[in-house]
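Report on one structure; see the data block that follows.
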Amino acid sequence: MDLVNLELSKGLTSVPKKQYGVTPPISEAMATPQDYKLTENLIIAMRQENLYESVEGMKKREYVLASLNKLVREWIYEASLEHSMNEEEALSAGGGIFTFGSYRLGVVAAGSDIDTLCIAPRHISRESFFSFFLAKLQQDINVTKVQPVPDAYTPIIKMVYHGMEMDLLFACLNLSRIPNDLNTLDDDLLKNVDDKTARSLNGCRVNDMILQLVPNKESFRTALRFVKHWSKARGIYSNVLGYLGGISWAILTARICQLYPNAAPSQIINRFFYIYKTWQWKNPVILCEIKEVPKNTPGLMGFRVWNPNLNPQDRAHVMPIITPAFPSMNSTHNVTHTTLGVITDELQRAYRIIQDIENDKATWHDVWSPFLFFEKHKHFIQVKMLSNNEQAFHKWIGWIESKLRFLVRKLETFKGLQVRPWPKAIQEQDEAKDGFIFAQSMYIGLVLNNSNSNNGSSSTGVTGVSNSSGTAPVVDLRGAILDFVGFIMNWSEVENYKDSIDLKVRHLRAKDLPKHLREQSRINAKAIKASINNNVHNSVKEATSSFISSQQSTSSSNKRARNEDELTNTITRDLSLNNNNNKSQLNNVGNDLKNDVNNSIQTDSHCDNELNNISKKLKVLPLKTPNIISNDSETSCIENNCDKLKEFGDISNNYSEITDSNNNNNNNGNNINNVPNIIKNINNRQPFTLRINMSKKSS
């Protein structure tokens with residue numbers, strides 16, 4: 001408790017009245033005793049989640065950083081001597097390690113990695129960093145699992161150093177020596193540097209600027225620690241997949257701190273969800289005035305600053321959150337309409353629970369309860385990445401994950417289809433590796449909106465197909481999948497690794513998920529059911545006890561027992577008949593999941609009967625693409641697909657309809673010969689069975 005009080009005393013002191021950011025504060029009210037209590041409970045809850053690094057852990061991080069800095073200084077010294085410098089010049093060249101990310105912001109959690117940047121003078125090249133320094137790392141017995149990615153958009157070395165996971169970037173400044181007191185916020189450091197160096201420097205510069213722009217660093221850190229943990233638990237923490245990364249969440253949190261400079265962390269969090277759940281995203285979130293490119297300043301005029309008035313590409317951004325350091329850019333350019341919708345839903349959910357927390361009807365743990373992705377969806381697209389070479393595997397999955405958002409954008413054009421990409425890659429078990437050594441899958445959840453299917457009408461991407469059960473919706477995703485596969489095949493290194501990598505994209509129903517996911521889903525489902533029942537029982541019991549205690553002075557023991565039975569039945573009946581009016585008496589997590597199950601995972605306000613009718617009609621034809629890299633013949637591919645399809649029941653008619661199109665039958669306009677040449681030419685084979693039929697197999 002002493003640690004909690006110490007943190008509260010640091011974070012809740014008054015600050016002078018002044019404007020932070022681009023607008024005046026909304027409120028300068030000081031924290032109330034209730035705010036103090038909520039913040040105290042928040043910090044306790046976060047410590048229970050192991051969101052704070054221990055003293056020993058921080059000491060180890062400091063030791064690891066000092067050791068890495070020493071290694072970098074040795075390399076720069078040796079490289080300087082190679083450039084014909086004398087020993088004194090080589091020693092004074094400077095350079096070293098700088099941190100960014102959660103460590104630099106002061107919100108590092110136990111077990112998290114460290115983001116680092118190597119800054120070197122101009123005579124030290126990036127080529128030397130990825131050759132000589134890499135060799136130095138590989139020779140160090142304290143370094144394991146070194147993975148260089150020199151061709152990445154921002155080149156990086158991933159490694160484990162002294163048992164600590166680390167990401168290491170490189171920046172070569174246009175300076176003859178690097179001073180020990182280097183100010184990373186000095187814009188002159190960007191003069192005449194290449195784009196990769198500018199991007200590498202950006203992390204440190206943005207982090208330092210954020211800390212300068214918040215009124216109370218400790219309150220900001222406490223709130224940000226919560227927001228990051230919540231977003232990860234709810235599956236919306238991933239810049240590459242179209243959600244938000246660490247920088248974006250930090251900027252959003254910092255802006256709320258500017259608007260409520262004297263608020264306690266608990267109130268900052270409350271206002272965070274209240275404001276952003278209804279934010280009009282045509283308005284960007286910015287922490288300070290955007291600095292324009294300086295005119296007539298050699299070395300800086302080539303930078304591009306985010307400006308929707310000048311740049312059409314910037315106007316198209318869905319959720320602009322602008323970095324404060326020059327050159328300002330949108331940290332969320334990957335966000336799509338789909339992922340924005342998911343983020344908004346999660347913001348609204350969190351705000352509802354936080355209101356309950358303030359009324360003592362929920363806990364902080366309820367806000368960050370994990371989103372059970374595989375329990376909440378019935379249909380998925382699986383993108384399975386396989387390889388027999390570890391180095392190739394890491395490059396392969398990095399490439400595919402960075403492009404998966406383009407598939408999401410294709411899928412979201414189908415008006416009748418809701419999609420939710422899951423940002424966490426799933427390691428495949430041995431039985432699902434298809435003979436490969438390394439296998440990992442990404443998943444996209446699918447939900448079909450059946451609003452047009454009952455009358456046989458259609459919308460973009462969705463058509464009605466009549467069967468014995470009525471009209472069922474059909475979604476043809478072949479075009480989207482083929483475009484994505486073709487895009488992936490444009491990888492510059494595909495020829496180098498074509499014998500050791502593979503990709504499989506297919507549709508799966510929940511019952512066809514890999515065994516380990518199905519087993520975990522069953523465990524989660526049982527836990528959810530038990531949690532709901534337990535919380536309903538406890539709510540009834542508490543309400544009953546409260547009522548009975550007020551009657552003790554006027555009722556006999558027998559009458560009290562009879563009243564208790566009657567009241568228990570009444571409350572139980574009310575809870576079951578009017579769930580919405582009794583949310584506070586149920587566990588929030590249980591409510592969310594129970595409602596999702598009842599609504600077939602849809603959030604629309606359809607009546608239960610209609611949804612039940614829809615779910616009865618659901619039956620899916622497996623979506624499958626050919627192995628991209630394979631030496632099998634086309635005939636073998638067809639036979640293998642046919643064998644695989646047998647696992648999914650009697651779909652021979654549908655399969656014949658699709659495969660007949662390869663024999664010049666243009667059934668339903670789905671002639672496979674119309675696919676792009678880039679797809680048709682992959683190993684001289686054509687894709688098969690790429691249609692999802694969202695109709696339930698008749699019993």
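Every residue, even glycine, has its Cβ placed from backbone N, Cα and C.
Annotated ATP binding site per TrEMBL: Phe100, Gly101, Ser102, Asp113, Ile114, Asp115, Asp167, Lys228, Tyr237, in sequence order. Cβ neighbour count for Asp167 (ATP binding site) (all protein chains, 10 Å cutoff from its Cβ): 19. In the three-state DSSP classification, Asp167 (ATP binding site) falls within a strand.
Positions annotated as Mg(2+) 2 binding site by TrEMBL: Asp113, Asp115, Asp167. Asp115 (Mg(2+) 2 binding site) is surrounded by 22 other CB atoms, counting those within 10 A of its CB over all protein chains shown.
Positions annotated as Mg(2+) 1 binding site by TrEMBL: Asp113, Asp115. DSSP assigns Asp115 (Mg(2+) 2 binding site) to a strand in the three-state reduction.
Here TrEMBL flags 544-557 as compositional bias 'Low complexity'.
Sequence annotations record features per position, and here TrEMBL assigns domain 'Poly(A) polymerase nucleotidyltransferase' to 21-214.
Annotation source TrEMBL lists domain 'Poly(A) polymerase central' at 219-369.
The domain 'Poly(A) polymerase RNA-binding' annotation in TrEMBL covers 373-433.
Per TrEMBL, the feature region 'Disordered' maps to 543-565.
Contacts of Tyr237 (ATP binding site) defined by a Cβ separation under 8 A and a same-chain sequence distance of 6+ are given as Lys228, Ser231, Tyr243, Leu244, Gly245, Gly246, Trp249, Pro423, in order along the sequence. Cβ proximity to the Mg(2+) 2 site centre (mean Cβ of Asp113, Asp115, Asp167, cutoff 8 Å) flags the following additional same-chain residues: Gly101, Ile114, Thr116, Lys158, Glu165, Met166, Leu168. As a summary of secondary structure, the domain 'Poly(A) polymerase RNA-binding' (373-433) carries 29 helix, 16 strand, 16 coil according to DSSP. As a whole number, the greatest separation of Cα atoms within the ATP-binding residue list Phe100, Gly101, Ser102, Asp113, Ile114, Asp115, Asp167, Lys228, Tyr237 is 19 Å. Long-range Cβ neighbours of Ile114 (ATP binding site) (same chain, at least 6 residues apart, Cβ-Cβ under 8 Å): Arg61, Val64, Leu65, Thr99, Gly101, Tyr103, Val108, Met164, Glu165, Met166, Asp167. Here the Cβ of Phe100 (ATP binding site) has 25 other Cβ atoms within 10 Å, regardless of which shown protein chain they belong to.
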